[in-house]
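Trainee: Quick one: the structure is below, and I'll ask about it shortly.
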Amino acid sequence: SVPECDEERRINEEDDRGREGEEKEQEEDERSSDEGFMGMTPLLQAHHAMERMEEFVHKVWEGRWRVIPHDVLPDWLKDNDFLLHGHRPPMPSFRACFKSIFRIHTETGNIWTHLLGCLFFLCLGLMYMFRPNMSFVAPVQEKVVIGMFFLGAILCLSFSWLFHTVYCHSEGVSRVFSKLDYSGIAFLIMGSFVPWLYYSFYCSPQPCFIYLIVVCILGLSAITVSQCDFFATPQYRGVRAGVFVGLGLSGVVPTLHFVISEGLIRATTIGQMGWLLLMATLYITGAC
């Protein structure tokens, strides 16, 4: 009907006028903001620009982000030249970093394999520690010795999944957590040697003690070197691999000692040389 058409036309005209008024107010606000910005001193202008940029970045990252190719990453995020796409961009908060573990990107596999591995060894270690003491010949000593391995594994996997989660936060955060990640590798290698040395040289406490001291000194040396900023740079990837492979190969000397003193057959059966070689192979593969 005609009255209804007039009413709809009137409503549409009011909506148009309202939108025009909002657009004019927005333009005036932007104009006044720009005028105020131009009237500031250069120092205040820079400070104001940084605040507006931070506000814009946070608004964008509160909602959506997309993976980006390797060539647009900042230099401190460029590590693996063979991963051409699927990278997370720099993220403004730890909350955004931890939420990103539920998205698909280049670090998804690293995060979840290390996180689930950490939970697995944590549960397994607690189960072992709460076993009845009657299951052990020397309950306190054996629990401490095996506990060193579980502690090394848990620290290594914990530091690793945290590093792969938050290293895209900022350059400073990436540097700190990369040092923890490398320290965790050294803790794992040291903790893995402790049970084998303890049981292999059970009847020879003096060489066992000496080898334990040597492994700890080498491990702490590797941790000290890994705290240098240059250690995490792509140019020193070969040095990093060499440090940890060298730490692992330090077990060659006690292994040869055990084989010579006990014989190859006993070293294979009693000393569990097969498992030791498997551990060394896996660690060297991971380091490379």
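Backbone N, Cα and C define each Cβ position, glycine as well.
What TrEMBL shows for this protein is this:
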BINDING   H164  Zn(2+) binding site
COMPBIAS  7-22  compositional bias 'Basic and acidic residues'
COMPBIAS  23-32  compositional bias 'Acidic residues'
REGION    1-38  region 'Disordered'
TRANSMEM  111-130  transmembrane segment
TRANSMEM  145-168  transmembrane segment
TRANSMEM  180-198  transmembrane segment
TRANSMEM  210-232  transmembrane segment
TRANSMEM  239-258  transmembrane segment
TRANSMEM  264-284  transmembrane segment
Trainee: Please figure out which one of 111-130, 145-168, 180-198, 210-232, 264-284 racks up the most CB pairs under 8 Å against the transmembrane segment (239-258).
Mentor: 210-232
Trainee: Looking only at DSSP and grouping its letters into three states, which state does the residue listed as 'Zn(2+) binding site' belong to?
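Mentor: DSSP assigns the residue listed as 'Zn(2+) binding site' to helix.
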Trainee: If I count Cβ-Cβ pairs under 8 A between the transmembrane segment (145-168) and each of 111-130, 180-198, 264-284, which range comes out on top?
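Mentor: Between the stretches 111-130, 180-198, 264-284, 180-198 has the largest tally.
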Trainee: Identify, in sequence order, the residues in the chain of the residue listed as 'Zn(2+) binding site' that are 6 or more apart from it along the sequence and have a CB within less than 8 Å of its CB; answer 'none' if there are none.
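Mentor: The residue listed as 'Zn(2+) binding site' has long-range Cβ partners E107, N110, I111, H114.
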